[in-house]
Amino acid sequence: MASHSWKDAYRGMSADNIKGLVLALSSSLFIGASFIIKKKGLKKAGASGIRAGNGGYSYLYEPLWWIGLITMIVGEIANFAAYAFAPAILVTPLGALSIIISAVLAHIILREKLHIFGILGCVLCVVGSITIVLHAPQERPIESVTEVWDLATEPAFLLYAVMVLIAVFILVFHYIPSYGQTHIMCYIGVCSLVGSLSVMSVKAIGIALKLTLSGMNQLVYPQTWAFTFIVLLCVITQMNYLNKALDTFNTAVVSPIYYVMFTSLTILASVIMFKDWDRQNPSQIITELCGFVTILSGTFLLHKTKDMVDGQIPLSIRSLKHMDDEEDGIDQESIPLRRQDTSCMRSP
C-alpha cells in the first residue's frame, strides 16, 4: 500500500520537464563557459592595450571576447526556452550550476585556485539541484496564451503584482535616494522584485512561441504582445539597477544576495500564478525546499571562498574583493557594503 502511494505521488518526469531540464542544463553550461571565454579575451586584449578595468575598449577587437558573448547569448536563449517547457521552480534554481561550471573551468583553464570549501560548495549545489529535479512538479498543460493571461489576472497573483509594484516604488523613490549608496538591499530588492515578474512574462512568451511553432498561432492575441511589453520594461529596469549594484558594491557580495532573492521571489511568483504546489503533496514540497536551501548554502560557500587558497585564514564575505581588483593592485575594502571610491569603480 505504501509502495502504491509512493508511485502515485511520484510518477517520474514528463517529456516537457525533461526538455526544460536539458535546456536549463545547457544554459548553465553555455553561460558558465562564457565567463571564462570572455575573461580569456579580456586578458588577451589587456596585454596589448588598455584593460577594461581601466576604461579601455580594446577587448571589442578581440575575437575571443565576442565568442564568449555569443556563447552567453546562446545560454540565455536556452534558458528562455526552458521556461516554455518546465515550471520556474525547476528551471530557476538550476542557474546556480553556471557558477559551478565557471568555477571549475577557471580552476582548469585560468589556473585560479579553487579552495576545498569551494569544492564542497559545488557538491552542495549539485546535490540540491538533483533533489529539486527529482521532485519538481509537472508542467501545467496550457493550450493558449489566453490561459496564461487568465492565471496572471487571478486575484492572488494580481495582489502579488500590486505588492511588488508598491515595494519597488517605495524603494526607488524613498530609500534609494537616501540609502542606495550604502545599503545593498535597495538595488538588489528592485532587481529581484521586478525580476520575478519578468520571469513570469518570459514563461508566457515562451509558451506562446512553443504553441505557435506547433501550429497554433498565438501572435494574433494581444496578450502575447502585452507580456512582451512587460518583459522589455522589467528587463530594462532590472538591468539598470543591477548595474548600479555592481558599480557600487563588491561583486562577491552582490552575486549571492541577488541569486537568493531573485530565485526565492521567482519561485514564490510561480507558485502563486501557476499553482505549482497544488499538484504536489507536502513531502514533495518540503523536499524541494530542502534542495533549494542546499543550493543556497553551496552558492554562499562557493562565493565566500572564491578568493581563498588552501592554508589561508577564512575571510568574512564582507571583506572579499573581486579577483580583477586584486590584479589591478586595488586595496581591499574593509566594508564592501559601502560605496566604492570612484577611482576604484569597475565597468560591470
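For all residues, glycine too, the Cβ spot is worked out from N, Cα and C.
Marked as region 'Disordered' by TrEMBL: 325-348. The transmembrane segment annotation in TrEMBL covers 20-37, 58-78, 84-110, 117-137, 157-177, 184-205, 225-242, 249-273, 285-302.
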Practice task
Spell out yes or no: are there three or more C-beta pairs under 8 angstroms between the transmembrane segment (157-177) and the transmembrane segment (249-273), with each pair 6 or more apart in sequence?
Solution key: yes
Problem - Segment proximity, the transmembrane segment (84-110) to the transmembrane segment (117-137), 3 or more C-beta pairs under 8 Å - result: yes
Completion exercise
The answer for the transmembrane segment (285-302), taking Cβ pairs under 8 Å and residues 6+ beyond its ends, is 89, 93, 96, 99-100, 103, 117-118, 120-132, 135-136, 256, 259-260, 263, 267, 277, 317
Exercise for the section: Could you tell me what the rest of the chain brings near the transmembrane segment (84-110), counting residues at least six beyond its ends with Cβ under 8 Å? Expected result: 16-17, 19-21, 23-25, 27-29, 31-33, 35-36, 39-40, 75, 118, 122, 125-126, 128-129, 132-133, 136-140, 199-200, 203, 206-207, 209-210, 255, 259, 262-263, 266-267, 269-271, 274, 276, 288, 291-292, 295, 298-299, 302-303, 306
Completion exercise
Near the transmembrane segment (20-37) in space but 6 or more residues beyond its ends, with Cβ under 8 Å, are 13, 64-65, 67-69, 71-72, 74-76, 78-79, 81-87, 90-91, 94-102, 105-106, 109-110, 133, 139
